[in-house]
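Taken from Swiss-Prot, the feature pyridoxal 5'-phosphate binding site covers ALA80, THR81, ASN160, GLN188, SER208, GLY209, HIS210, THR248. Positions annotated as N6-(pyridoxal phosphate)lysine by Swiss-Prot, on the basis of sequence analysis: LYS211. As annotated by Swiss-Prot, [2Fe-2S] cluster binding site applies to CYS334, with the evidence given as sequence analysis. Under the heading active site, cysteine persulfide intermediate, Swiss-Prot lists CYS334.
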Amino acid sequence: MNPQLNNLTLPIYMDYQATTPIDPRVMEAMLPYFTTKFGNPHSRSHSFGWEAENAVEEARSMVAKLIGADTKEIIFTSGATESNNLAIKGIAKFYSNKKNHIITVVSEHKCVLDACRHLEQEGIKITYLPIKPNGIIDLETLKNAITDQTMLVSVMVVNNEIGVVQPLKEIGQICREKGVFFHSDIAQGFGKIPIDVNAFNIDLASISGHKIYGPKGIGALYVRKKPRVRVTPLINGGGQERGIRSGTLPTPLIVGLGMAAEIAYSEMEKDTKHINYLFDRFLNNIHKRISKVYLNGDKNQRYKGNLNLSFAGVEGESMILAIKDLAVSSGSACTSASLEPSYVLRSMGIGEELAHTAIRFGIGRFTTEQEVDYAVNLICSKIDKLRELSPLWEMMQEGIDLKKIKWAVH
């Protein structure tokens, strides 16, 4: 049982980039498909199958509507990791007899970088674009990186660690002018910021259910039909999903993703207003009470549900232990098991000592003002205590440049 504190349930969930709680309306929509409406959507000879197929197609149109796509352009997958792999490897396999170059960004999600590294071993050339200190790519650098051998550019819309929003419209325009396919991992932006695949000239986009208050284990890949984009499937089988992704579709999960997309479509403005208000309240109150706290990533070009802060003079891991009443992360959930400083922060040029102190606070649909205020009070009291104990903080107060210190390795 979670402890209660003035109607506040502890611990407070602030890791919305890692996953989101399922919206009760999503759960309600899914339940019948676990119990009475259990048909296989590919069974065409009876009403159980037809009922499931109708539910799947309705969900497909809800997902498509959220990004301005055609229903036929949505392929259901097990999540964004599979979608990213299918997009990048699928394009590489299909077009590698014509072209052999892919461009991505150093701060992409691990699964995009790993898919690219896998292709490098197969002889595909990969360019990893740098990012500016604000976390955004330079468009001229992208333009100059494209050659006549480039088949694909892959740039995520919202970074999972620092929340910055890349200029997708401009990137899409460059790709279209140069005749290069444009893939975007939109898992952290889908349903949270307006994304239009046609206005942005996106050819492939990866989607995740559990980042938008839907179930885990379901996602989608948008694949453009006009002009047609071809991908070689990773999974062979019964030819479901236009032959791109075989396997029996999980109707309850798809219904959940569809419902989550429908809610996001109708409530995006309300969610954005709520999240922006809490972001500003959190950041302003922290800055009023503590010195040397830095927001990582561009303040304006960002999704405000992500608040990545570095606290000078405090070790990130000890900070997380000190604020154990807040469920937060010191990086991507997929890589935070390793205590290495975040590769995203390092690629922004942030020094090791500040990268090590970074903590990501996530704000979402169900975060309350009371939770934010509790979090701020807790952080401020713990920071003061930790800084009193920190030799690094003492050295900083004395004006010693930590970058010039030679650390001994034991």
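A Cβ is built for glycine as well, from the same backbone N, Cα and C atoms used for every other residue.
Note that the structure is predicted; figures quoted are calculated from it, not measured.
Distribution of Swiss-Prot features across the structure.
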residue : record                              : Cβ contacts under 8 Å, 6 or more apart
ALA80   : pyridoxal 5'-phosphate binding site : HIS109, CYS111, ASP185, ALA187, SER206, ILE207, SER208, LYS211, GLY219
THR81   : pyridoxal 5'-phosphate binding site : CYS111, GLY219
GLN188  : pyridoxal 5'-phosphate binding site : GLN17, MET156, VAL157, VAL158, ASN159, ASN160, GLY163, LYS211, TYR303, ASN306
GLY209  : pyridoxal 5'-phosphate binding site : GLY79, PRO215, LYS216, GLY217, ILE218, GLY219, LEU253, GLY256, LEU257, ALA260
HIS210  : pyridoxal 5'-phosphate binding site : THR19, THR20, GLY79, LYS216, GLY217, ILE218
THR248  : pyridoxal 5'-phosphate binding site : ASN40, PRO41, HIS42, GLY238, GLN240
- Item | Candidate with the highest Cβ count within 10 Å, taken from the binding-site residues ASN160, SER208 | SER208
- Note on the structure: Mapped onto three states, the DSSP assignment of ALA80 (pyridoxal 5'-phosphate binding site) reads helix
- Item | All-chain count of other Cβ atoms within 10 Å of the residue listed as 'N6-(pyridoxal phosphate)lysine' | 27
- Message: Max CA to CA distance in Å over the pyridoxal 5'-phosphate-binding set ALA80, THR81, ASN160, GLN188, SER208, GLY209, HIS210, THR248?
- Response: 30
- Message: Going by DSSP, is GLN188 (pyridoxal 5'-phosphate binding site) sitting in a helix, a strand, or coil?
- Response: coil
